[in-house]
Each structure stands twice: as C-alpha cells, then as structure tokens.
Ligand SMILES: Nc1ncnc2c1ncn2[C@@H]1O[C@H](COP(=O)(O)OP(=O)(O)OP(=O)(O)O)[C@@H](O)[C@H]1O
Ligand code: SF4
Ligand SMILES: [Mg+2]
C-alpha cells in the first residue's frame, strides 16, 4: 500500500514540467552552478536510479532533503509542521462529532418536527458552503469588525510561555492556543459537522424503525435508554465510515484553512513545496498524507469491529 | 364465557399520515381476549395486523397515530381516546401514562413476539445481555439473579448449552434458536397475555412445528392467553380457539375456530380458506384470492371487499357493512345476511371486468366476465 503511494508520488512528481533548481537559483544563473546543485540533490542521475535511492531512503525513514528549504531534511520539516495540522484537524473533529452526533440523533427522534427541519437546513448549508468562504466571513466578522478573535496564526498548547506573546505561564499559553483555534476550527469543522449530522440522522432514523427497537420498547425499556443504548450503537456503524472518509477530506480542508488563517501547517507546507517545485518535499508531504489516510482507514475498521460483533478479524466465528 | 375479558379492544382506529394521504391501517377494531384462550388474527399482508397489535401496546410512532378507541386490560385503561369534531384527539383521565405503560403493562402483563426473529434481536448485544435487561427492568432481581434466571429460561425454551450460548451474539444463532430466545423473552416476565406477530413465518416447517409444540406446552404450564397473528390458516386450525379475520384494517369475521372452518360466513374468509395449499393437491390447483388487496389509501366504497368478492352485488358498492352477529358467537360483516336488511337479494350481481375486478354489469361492454 505505502510502497504504491510512494511510487505513484515519485512518478507524478517527476513528470511535472520545470526544474526546481532553476526556480530556486533564479534566472541568469550559470550552468556550472546549476549542475553543481543538481548533483548535490542527485537530480543528475537517471530516473530509475533516483527511484531506487528514494525507495531505499523511504524504507529507512529518510525522505530526502528539501531543495527550497536549503537542504533541511524533509522528515524534519514535516515533523515540525505536522502537529499544527493534527491539532487543527483534531479540534475540528472534536467540534464536529460532539455537535453532529447528538444533533443528528435528536433530529431523527423528532422526525419532521421543527428541530429536525432546522437541523436539516443547517446541515444542507454546511455541506454546500465552501470552507474558505466560511473562513473569510469569520475573519471579516469576528476578527476585523468585532475584533474578538485573531485572524491568523496558531499557538500550540504545549508551546513554551517565553515563545508566546502575552503569556506568562502554561495556563495562559493554553488559553491563547484555544483562542487562536476558534475560527480555524469552525471553518474546518462546519463541513464535517454537517456531513456527520446528515448521516447520523438518516442512520438513526433507519435504526429507530427496526423491530429490535420496538421490541425493547415493548418490554418497557425507557425511550431514553432505547435511544442511547439500543439505537445509538447500531446507528454509529455508517457514521464511523463517514468519519473515516471525512478524515481525508479534512486534510484537504486543512490546506485551505491554513492558507486563509496564515497557519504554518502541512497545508501551507505543501503549497510552498508545489510552488517551488521542491520534488523531495512534495513527495514527502504526499506520502505523509497517504500514511494518514491509511491510518484513518485502519482506525475506522478497528472501530467498526469494536461496534459490530458480526465482524471478526482473523476469520471465523468465535 | 361469562367472565370479564382479559383484554377488551373497542373501536380502535389507527392511521398513518403519509405524503400521499391518510391510511387507516386499523379502522374501528373491536374484540375481546378471554383468559387462557388463544385468539387468532388472520388476514393478508397489509391487512393491518401488525399495526393492530402495536396499537394494543401503544407502540405506534410517527407518522402513525391512534386516533380513537378504548382498550382495557384487567381494569387498566391502556387507551381511552376520542377524536373531537376539530380532529384533535383527547385522552380520558384514567388512561395510563407512558411511564405507567412501561412499568405496568409492557413486558410485565403483555409481551410481544415479532414476525422476524432475524430482525427482532439487537445485533450488537449478546443474547444474554438482552434477555437479562428485560428481566431486570420488569422484575426486582439483582444482576446475578437476573442472569441465572435468563440462563434458566434459555434452557426452558430448549436452547442447548444455555450457559455458554448466553454470551453469544444473535448472528451466531439460527432462525429457530432466535425465535426460542424471543419466546424466552416473552416468558421472562410471566405475562398473562402474549401477542405473537407471525412468529413462525420466517422459519421452515419442521422448526415451525417445534416452536408450535413449545408454545402448546408453555400454554398448559403457565395458562397464558395468546393473540396469534398469522396468515397461515393451517397454524390457525392447529392452535387457535377463536379467530378474527381482518381485511383492509377492518374485522370482517369473528368465529370460534371450528365454525370458521366449517360454517364460514364471510366470502373473504372462504377465499382465504380456499387459498390454503392442500398437501394432496398439486400446486396448479392452488387457488389464490382473486385480485390484489387495494391499499388503505384507496379503500373501495361500500364493502371494501366488493371488487374481489364472488358474491358481490351492486348494493355492496354503496353500503358499508359493520360486524353483526349472524349465528351464536359468530359475527360477520357481509350484506348477504338478512340481519343487514340491505336489499341484497334484489340487487343485480356485479361482473368481472378486464382487470379482474367486480363492477356493475352495464359498465362492461360486449362480452363481460372472463373465464
Ligand atoms: N410506518 C408506516 N407508514 C405508513 N403506512 C404504514 C406504516 N406502517 C403500516 N402502514 C400501513 O398500514 C398497513 C398495514 O400494515 P401492517 O404492517 O399492519 O400489515 P400486516 O397485516 O401486519 O401485514 P404483514 O402480513 O405483511 O405483516 C400497510 O399496508 C400500510 O399501508
Ligand atoms: S357485502 Fe357484498 S361484497 Fe362484501 S363480502 Fe358480502 S357479498 Fe361480498
Ligand atoms: Mg405484520
């Protein structure tokens, strides 16, 4: 799987027109310098040789050195940016799941009542509004006009107080971090909230019509227990799948969100990499997105197996 | 039977509001269940049998609503609802609240067994935990006692190795075994009335036989009353004492089981009985009821069975027959009986049109009535 991703990235990137070294050095650089730099990054070798070198490196966790960032190892650059993006994705998912699951479930319970209609309209708006537009609107309203939230930057909750302006201790760092997270989280989280809520509602509706739900009610189980225990767990199966898929779209959304809020995460990193045609960096970041995707699928599968006893890994009934 | 009935259902109407219109799935239904008896509720698919029994348990959820009727059970008023001229429903003072339904009726007094054993158990919980939960809710037992009771019940309904199967999930059980689990659930709270909604239709014939035997045995042991919903007249003959026949939401015949089979009053019941495949006949002679049952939205005028009824006359298109006593203990809703005084005898018979439906003779051109 990962070998496949690495290979495809390698081929795609090398099929791109243009030469990163020329871009970096600028026009009018003499050929000798260009040749020297090219050989430093191994770009003078034939393609197949570069491929094997690259794959061997990948196997050892070495993704090569960035051209744009003057030879800084790609892995180092990624590890520096990754926590920022993960923080953003995690906070937007926390928002999405904590809003969407109860709202979707309640909407299903009150099918065709006012609560249901309102939540469905919100969900529809949520899935059909581009996140960069939401981001820009939030910045205009809350950062420029009301001036309540910052429009750019992100502070890691574990940053050292001395690195954070106006923060004397760890608590204040945490506060500042949350403060900076609000708008980007809403920007990135809206789409996920809406998408998860829709699935949650329809899945819950389907489950609530099943015989085993009526049976539980027929034996005097309270409607609250029926909803929370008997229905929710069954209804979560399709939702878990959507959450897994959303993880990938969230990475795409993160690229836009980071750009809108000038956050130095993986999103802005890949944009820089592409703009400067920094082959090793592009390959490294893409490979990393691939890894995250695979991890997402894996987590989905494990959750699924946990929720649904009919699925067993390793085959056979137990 | 002189004794008060165990369950009394009077004029219950349940409807569904759908995009296409209002469906009266159960229309003015009235019947009694006596102690120790097994009452059959039969009718084709879509007749409203499941809606009827869910109405008894007050388990109708949106878009359905019970709009009127009275249901009493051992002095408890399960339902006392009337619909005002403005269409608004009003509940009587004595009607049990939702909480009382849960704590007094559902499970404890009346238990349900559903049509499809594959669908009736929650796939994500073990058999044991589901059974135990119902026992804990309805009887004051500790967790451990409830577990012991659950295992004992599983054993009683004939599940081998009950102790280890207690920890298994529904998908690890066969259909027949799941149906046994559902019966164990019904027995768990020692109810006086068990309502079984086609509990054996999803099972093959041998397993069905075993389940019916089990029910017979439990009936003598616990003296439980049953409402047995089915469209299988063979099962009716085997286990029922009295039978209610339903057509398009209405009861059209009520009779003790022998009279139903041998002195059938209603033409629809006759058609139902003819549709039983007999073992010595080939399937070619199988006589399904002519025509399809219309849906509840477009219920025919007059007698709802008239488009399919071999005895239909023009009067049947305009007069709606209610259920009346025809013979001692036997009621039917059919205008051909004198008690209706509907001029049936002087009314011209309907003929079959090209769709297989019965219509007045003059509306069919040329050679009416096929075969
Ligand atoms: N959830 C619902 N929404 C709309 N209409 C419904 C709903 N449930 C039942 N109905 C209506 O009630 C009618 C009777 O349904 P019901 O399930 O009671 O039939 P049944 O006699 O139990 O049939 P079967 O033998 O197939 O179980 C249906 O034909 C349908 O028109
Ligand atoms: S009333 Fe008329 S149509 Fe209805 S069952 Fe009797 S004979 Fe048939
Ligand atoms: Mg049914």
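Cβ atoms are placed via backbone N, Cα and C, with glycine included.
Remember, TrEMBL labels are computer predictions, not curated facts.
Annotated domain 'ABC transmembrane type-1' per TrEMBL: A:82-304, in sequence order. Here TrEMBL flags A:86-109, A:121-144, A:178-197, A:237-261, A:281-304 as transmembrane segment.
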Residue numbers, six or more beyond the limits of the transmembrane segment (A:237-261), whose CB comes under 8 Å of its CB atoms: 84-85, 88-89, 92-93, 96-97, 101, 104, 131-132, 135-136, 139, 151-154, 183-184, 187-188, 191-192, 195-196, 199-200, 203, 267-268, 270-271, 289, 292-293, 296-297, 299-300, 303-304, 307-308
Folded-back contacts onto the transmembrane segment (A:281-304), same chain, C-beta under 8 angstroms, at least six residues removed: 1-2, 5-6, 9-10, 13, 54, 58, 63-64, 66-69, 74-75, 77-78, 82, 237, 240-241, 243-244, 247-248, 251, 266, 269-270, 272-274, 311, 313
Distant-in-sequence neighbours of the transmembrane segment (A:178-197), which means Cβ under 8 A and at least six residues beyond its ends: 87-89, 91-93, 95-97, 99-101, 103-104, 107, 119, 122-127, 129, 131-132, 134-135, 138-139, 142-143, 149-151, 153-155, 157, 239, 242-243, 246, 249-250, 253-254, 257-258, 260-261, 263
